[in-house]
C-alpha cells in the first residue's frame, strides 16, 4: 500500500474553508466555493486560478459549474450566476428567506433548497422564480431532478394530463425525515416518501430503473420506486448517519459517520464489501476505474480497490475535513475545510489497477480452461473434487 503520497500542488488562495468543488462537464475547469464568501475558478490544464468571484455577503455553501457559467449559493439567502470568462456576476436570484444550502442545474432550470423549508425553481436566463415548492416541515438539504419521460409509460403519462405542459419532476430530501417528489410546472407534490426516522442527507436517482436511493441520519439507505412511491428495500448495516452515496453499475457505495464505506448490490440488497481504515466520518466518495476514493473527517483521502476492499493509498496533507473530491485526467482534487485545494497524481494507482484487472481476467481465463480440462478428467475417473475447486477459484477471481 502506498502511504502518504505528496500533493502535486497545493492551492492556498482561499481565506476560509472550501465547502464544495465542482468540475465542468468538459473537464476544463474546476470551481471552489468557500467560507470566505468567494468562489474561485481553476484550470485543469495548469492548475492555476483563473477567476475570483466576489459579491456574496456571507459564506458560500455549494457551487455548480457548467462549461460557460458558474453558480453559487450562500448563507446570504441568494444564488448567483457568473460568467466564467469575464468573472462578472450576471444574475442574482433572490427569494429565499434563509440559508440556501444546495443548487441543481437541469436544462433551463435552476433548482435550490433552503433552510427556509422550501425548494424553488428559477429560469436560468431570465433571473426570475418560476415555482416554489412548499410542504416540508424543516430545511431542504438535498435535490435531484428527472423527467417523467424517463420513467413513465405512455398510458401512465396520460393519467397526468394536468402536468403534460412540463414533464419535469424535482425530488427533495429534508431534515423532516421525508423525501418529496414535485411536479415542476405546478409545484404540486406528486409523492411523499415516508419511512426514514432521521434527516435525509443524500439522494441518488436511477431514472431508467425507476429507482431513488436516500441516505439518512437514521443509519439506513432506502430504495424507492419513484413512480409508485413504494419503498423497495432498506439497507441497515451502517452504525452511523449515511452521509454520501455513489451508484456505479448497479453497485451502491455509501459513506457513513461510522467511519466506513459499504458496497451493496442494488438488485439483491446484499452488502458485498466494507471499506475500513478511516479514523472519522466518511464525508465524500468517488468511484473511478475500479478504485474507490474517499475523503474523511480525519483530513485524509484514501484509495481502495473497489472489488477487494484493500486500501491502496492514503493521501495526507490536509489539516481538516475533506468536504469534496473530483477526479480528472488521473489527477485527484481534494477540497478541505482547511481552505486548500490539493492536487494528487493518481496515475500510478490507476496503472497498477489496470494491470491487476488485466491479470485477473487472464487468470480467470486460464482457470476456465483448467476447469474444462478438470471436467474432462473428472468425467473419466468419476471424481468431482477438482472440478469444484476449479469453479470456486473462478468465482473468487470475478
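Including glycine, each Cβ sits where the backbone N, Cα and C put it.
Keep in mind that TrEMBL annotations are predicted by a computer and have not been checked by a curator.
TrEMBL lists 11-43, 93-132, 169-192, 193-234, 235-274, 315-347 with the feature repeat 'WD'.
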Local confidence of the prediction over the repeat 'WD' (93-132), expressed as mean pLDDT: 96
Intrachain residues whose Cβ lies under 8 Å of the repeat 'WD' (193-234), provided they are six or more past its termini: 138, 141-147, 150-152, 156, 171, 173-181, 240-247, 252, 254, 256, 258, 264, 266, 269
Feature contact check the repeat 'WD' (11-43) with the repeat 'WD' (315-347), CB under 8 Å, 3 or more pairs: yes
For the repeat 'WD' (235-274), distant same-chain residues with Cβ under 8 A (at least six beyond the ends): 198, 201-204, 206, 211, 213, 215-223, 280-287, 292, 294, 296, 304, 306-309
DSSP residue counts for the repeat 'WD' (11-43), split into helix, strand and coil: 0 helix, 18 strand, 15 coil
